[in-house]
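Asker: I am attaching a structure below and will ask some questions about it afterwards.
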Amino acid sequence: MSNESNDLEKNISHLDPTGVDNAYIPPEQPETKHSRFNIDRDTLRNHFIAAVGEFCGTFMFLWCAYVICNVANHDVALTTEPEGSHPGQLIMIALGFGFSVMFSIWCFAGVSGGALNPAVSLSLCLARAISPARCVVMWFPQIIAGMAAGGAASAMTPGKVLFTNALGLGCSRSRGLFLEMFGTAVLCLTVLMTAVEKRETNFMAALPIGISLFMAHMALTGYTGTGVNPARSLGAAVAARYFPHYHWIYWIGPLLGAFLAWSVWQLLQILDYTTYVNAEKAAGQKKED
């Protein structure tokens, strides 16, 4: 009996307490030029998949939005109103961008995260939801997709390019900069609070994100044309072959907005708001009981 138990101990000596076989030790991988950056083949493959997802999602989002914007701005009956201020025109543009980003995020969130916006990617990077490397990897396809979508929309629709960003209603460059900053901050903060924060409703994050972009267009279109996305502004400018001297506000404003949104989100993390919210909920349930 003792011999059998000794044989059994020898046979299972390579198993850990959970029953996992630790007898096989994989050979050490040879060092490569990417080793010091902790980048292996799988990571590069994942970055490539994310880049493809961001390109497809951004292209689909902006192509639909550009074409809708062209239709809204092409109605001759609306020319008596200042550009972007007619209620019907404004609502059509806002709904076009809001719904376009909503279904694009739902389609590609599982592939690349569905940022579709360099400013949103920056806010996700600041919140450590994605790595700096992934942020940079996402920027390039987003910007290229914006230009591709602008070119495709321009080629497929007759007439002038009518989806560019421009200051209007007497808005100055400084006002336009702050409008773009705060409009982008609203969008980025919505992303951080609905997609990054762990909640039961995370799977529905595309809905409030689309609504926030809709509201940003309702508020900003008459004044700045609503950029809140450098890829969107650049793509339209390239398609129209026209860069106003204040085009920089459509880059600096959204990037500052990403920092502003992250600052608010980070303040809430420092205050550990979830602990107090959960405590209040628990106290309320006790009172009801």
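Each Cβ is built from the backbone N, Cα and C atoms, and glycine gets one as well.
Remember, it's a predicted structure, so these values are computed and weren't measured experimentally.
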Asker: Looking only at what Swiss-Prot records, is Q285 on the same membrane side as N117?
Answerer: yes
Asker: Near the topological domain 'Extracellular' (224-247), which residues from the same chain, at least 6 beyond its ends, have a CB less than 8 A from one of its CBs?
Answerer: 58, 62, 65-66, 84, 93, 97, 116-120, 142-143, 145-151, 153-154, 160-161, 163-168, 171, 173, 176, 179-180, 183-184, 187, 213, 216-217, 253-255, 257
Asker: Excluding the flanking five residues on each side, which residues at least 6 beyond the ends of the topological domain 'Cytoplasmic' (197-202) place their CB within less than 8 Å of a CB in that stretch?
Answerer: none
Asker: Of the residues in the topological domain 'Cytoplasmic' (112-135), how many are helix, strand and coil by DSSP?
Answerer: 14 helix, 0 strand, 10 coil
Asker: State the non-local partners of the transmembrane segment (136-156) in its own chain: residues 6+ outside its ends, Cβ under 8 Å from one of its Cβ atoms.
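Answerer: The answer is 47, 50-52, 54-59, 61-63, 66-67, 70, 112-113, 115-118, 121, 130, 163, 229-232, 234-240.
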